[in-house]
Amino acid sequence: PRAHPTLRVRPLTCTEARRGDQQVVHSLGDGAVHVSAARHDATFGFSAVFDAGASQEAVFEGSGMRQLVELAIDGFSCTVFAFGQTGSGKTYTLMGPLAQSETQPASPALLGLMQRSFTCLLEQSRSRGSDLALSASYLEIYNEQVRDLLSPGPPCALPLRWSKTRGFYVEKQLSVEFESLEAIVSLLLQVSPPAGSQRRRTSAHALNRHSSRSHALLTIHVRSRACCGPWGRGGGGQSITPNVALQASACPSKQGTLCFVDLAGSERVKETGSSGELSVEANSINRSLLALGHCISLLAKPRGKRTHIPYRDSKLTRLLARSLGGSGITLMVACISPSSRCLSETLSTLHYASRARRVTTRP
Ligand code: ADP
Ligand code: MG
């Protein structure tokens with residue numbers, strides 16, 4: 001299967017509308033989107049395009065997210081990543097506006113891909129008689145350091161290692177089991193703005209006050225305990241002794257993952273007026289996005305013509321190696337603003353996304 005690049009064009013914000021910004025992006029239907037401005041006139045193709053009027057539910061149902069959740073239950077490594085410039089709607093698409101507003105809980109209609117996927121997983125779990133064990137881990141990559149967002153106390157960098165059996169993995173990464181939507185959502189709120197104990201890196205700069213300066217990776221581990229034999233239901237595994245081997249061989253458990261990646265903004269340094277510490281941040285963000293783009297364009301070559309894929313070029317590409325490379329299934333959601341002021345970033349996001357269209361994997 002291919003990576004499925006999906007495009008979401010957010011509505012003009014109040015500020016953009018008040019200022020009288022021109023809309024330069026138009027959806028033509030059938031996955032085509034047209035950009036027209038003074039010296040630009042281009043059409044791009046996607047698996048699906050969601051324009052300003054598309055609801056959160058429409059994005060969940062129309063992007064293939066539900067199928068991705070089902071594949072994770074079946075034991076595949078599934079990844080959805082949202083990318084685009086700061087303020088283009090990445091966090092909105094993944095989590096909804098809930099992360100932006102101080103106190104009011106978001107209306108259920110506005111919940112993002114994450115909450116909808118959790119609901120879907122928990123429904124499946126319930127209908128299978130709790131035979132799915134769900135746990136979550138939450139990492140950020142900030143200035144090329146991997147940090148565990150779930151560990152209490154000040155953030156500390158964790159080593160990223162490689163082994164033959166596991167591929168790249170983060171040592172001492174915490175994971176938390178959950179059995180309800182409230183539990184996993186409160187976990188998200190703990191580490192995402194605006195909760196008091198927010199840990200994810202955000203800095204104010206010219207484009208967006210809450211712009212994220214880190215890549216955030218939430219991974220849901222889906223372990224299927226389902227078993228046809230008499231030991232299947234409810235048994236956690238620990239209490240069963242001599243039959244463990246038999247049980248395992250009779251009905252192997254499946255372990256899938258569903259990873260949500262909220263990439264840091266893709267804008268170039270000069271456009272955000274960044275300097276000092278901010279430009280160090282911007283440079284490492286750009287470096288890892290560049291590395292990701294590089295891996296993606298190499299993966300897009302026909303199998304026979306592929307050279308070595310430089311996953312080791314950044315922490316981000318190491319962590320995403322499995323889902324990008326061979327055995328994973330990836331859903332990419334490119335996010336753009338329709339405003340003429342964002343034109344150059346919009347074009348670069350569109351080019352980046354259309355390259356990914358040619359990546360194929362063998363899950
Ligand atoms: P990013 O995470 O890419 O920096 P955000 O998700 O924070 O961007 O979105 C920027 C602003 O635009 C927020 O105020 C958000 O509520 C709003 N927004 C983004 N996408 C949509 C959408 N599809 N519908 C309505 N508002 C949106
Ligand atoms: Mg964001």
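Backbone N, Cα and C atoms are what each Cβ position is placed from, and that goes for glycine too.
Listed in TrEMBL for this protein:
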type    : residues                                               : note
BINDING : Gly84, Gln85, Thr86, Gly87, Ser88, Gly89, Lys90, Thr91 : ATP binding site
DOMAIN  : 2-359                                                  : domain 'Kinesin motor'
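Listed binding-site residues: Gln85, Thr86, Gly87, Lys90. Those with a CB atom under 6 Å from ligand 1: Thr86, Gly87, Lys90. With a cut-off of 6 Å between Cβ and the nearest atom of ligand 2, the binding-site residues Gly84, Gln85, Thr86, Gly89, Lys90, Thr91 reduce to Lys90, Thr91.
Neighbour counts of Cβ atoms within 10 Å were taken for the binding-site residues Gly84, Gly87, Gly89; the minimum is at Gly89. For the binding-site residues Gln85, Thr86, Ser88, Thr91, the greatest number of Cβ atoms within 10 Å around a candidate Cβ is found at Ser88.
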